[in-house]
Amino acid sequence: MRDPKWRDEGEEPDYRFTLANERTFLAWIRTALALLAGGVLLHQFATELDPRLVVTLLSTGLGVVAAVLSVVSYTRWRGNEIAIRNGRPLPFSWVLPALAAVCLLTSAVLVVLLLVA
């Protein structure tokens with residue numbers, strides 16, 4: 001597999017910055033895996049919660065968010081790597097507020113379901 005074109009742009013960065021960017025990417029992947037695991041666990045073990053449709057939608061939503069986060073984490077890693085290579089500031093990320101909103105919404109729905117159950 002050959003290197004992408006953007007790897008030839010700018011200067012080769014200090015390996016510490018590249019490795020830090022990679023660790024951040026892996027943290028995003030771990031977060032995506034945790035969301036996916038949460039969706040699977042919710043679907044499999046929350047059998048007492050009603051309405052079941054809401055539980056299914058919530059667990060499916062967590063799986064979709066995990067898939068989207070996996071893609072976004074790569075594009076964010078790539079954008080950061082390009083910025084580092086070209087000496088530019090790191091790009092703004094809309095992912096953090098969006099992920100916080102998803103967690104807040106999921107928690108609120110689960111609390112309501114648990115209180116009703």
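Glycine residues also receive a Cβ, built from the backbone N, Cα and C atoms like all the rest.
The domain 'DUF202' feature in TrEMBL is assigned to 16-80. Sorting each residue of the domain 'DUF202' (16-80) by its DSSP state yields 59 helix, 0 strand, 6 coil.
The feature transmembrane segment is assigned by TrEMBL to 25-46 (among others). Long-range contacts of the transmembrane segment (25-46) within the same chain: residues 55-56, 58-63, 65-67, 69-70, 72-74, 76-77, 95, 99, 110, 113, each at least 6 residues beyond the stretch ends and with a Cβ under 8 Å from a Cβ of the stretch.
If one looks beyond the transmembrane segment (53-74) by at least 6 residues along the same chain, the residues whose Cβ comes under 8 Å of a Cβ in the stretch are 25, 28-29, 31-33, 35-36, 38-40, 42-43, 46, 95, 99, 102, 106, 109-110, 113. Residues annotated as transmembrane segment in TrEMBL: 53-74 (among others).
Within the chain carrying the transmembrane segment (94-116), a Cβ under 8 angstroms from the stretch's Cβ atoms is held by residues 28, 31, 42, 46, 49-50, 54-55, 58, 61-62, 65, 69, 72-73, 76, all 6 or more beyond its ends. Marked as transmembrane segment by TrEMBL: 94-116 (among others).
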Query raised in the report: Mean pLDDT, the domain 'DUF202' (16-80)?
Result: 94
